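What follows is one structure encoded as structure tokens, with my remarks underneath.
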């Protein structure tokens, strides 16, 4: 089979499976409203949980940073791309989250890949929650270490793996809040197993940081644990983009020497670091926004009465509605969009086969009438489809 034949066959199969992904440009889609063409939709697909993506202080910080530093970093942080703005943000994050060091990355995907790739050796083991993010599972699978997946959020399943002898080191990886199911990892139980078996714990808290815990310090803070490696990302509650790895001093120095994704990538613009520093302040002072988000979550869950679909047991901003078949999920998504409600369908391979879903995300910017409109449209869809 030629390259062209292989590519065409893969595309045809995706279309046959109702799993073909299509990007659609818009004129603004991070906030309460999504604008596409001449239509304005209530937006229930954005990860801008606290509504900070248009915050004037953050926008102003980016503008001022661009005026001072320019719009590009000019290179890797090991060459010219590490400015006072980057250093200040790293120190700010480390102090806030209670770690000796923080290292900035251009994305959460890059941070996860870099950490696993730099640490894992052939004699090592990586035990990952079965529903961990693709960046974690892919990095582990591509590493020389042995990858095993434990049952989702089940510490006893992890324990069974940890009890098997090994000559190498063991890294346990999980998410704080899971991106497709919206549930929270039992972090104290996982950490207890790690400590009992001399393993390290790595937590990707992309969907918990900014939302959970005192001042939005995240899932680990809320559950009173401190993993060896904490990954936080800035494309959700912070309203920007990028990521950071929180760790010890020796680990940070190790990553500066061996994390190829860090060494060989152009660093984020200094203006972005300025914006993120302002975003950290907004997150820390965002108690009212977190309260509003919690009220919206409670309102949605209390009002949901759609018996044809399964609403996952999630107390987070992510409210997955399990539909099952890909075609049915697409039909429901399109019906909602026809009614002016923008929700996205998640299908395999992003989620397990047979569990296609609408991934509804709530934000602090949503108003009660928005939630009620969503509930009404879902109720009518149950009777129509």
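Quick reminder: no glycine exception, Cβ is built from N, Cα and C everywhere.
Record check: Swiss-Prot places 108, 109, 179, 207 at the pyridoxal 5'-phosphate site, and the matching candidate among 80, 146, 233, 248 is 233. Swiss-Prot names 21, 133 as substrate ligands; from the candidate set 184, 266, 350, 361, the record adds 350 to that same site. Between the CA atoms of residue 109 (pyridoxal 5'-phosphate binding site) and residue 21 (substrate binding site) there is a gap of 19 Å. Cα distances from residue 233 (pyridoxal 5'-phosphate binding site) to the binding-site residues 21, 133, 350 are smallest for 133. When secondary structure is read from DSSP and collapsed to three states, residue 233 (pyridoxal 5'-phosphate binding site) falls in the strand class. Across the fold, the C-alpha of residue 133 (substrate binding site) and the C-alpha of residue 207 (pyridoxal 5'-phosphate binding site) stand 11 Å from each other.
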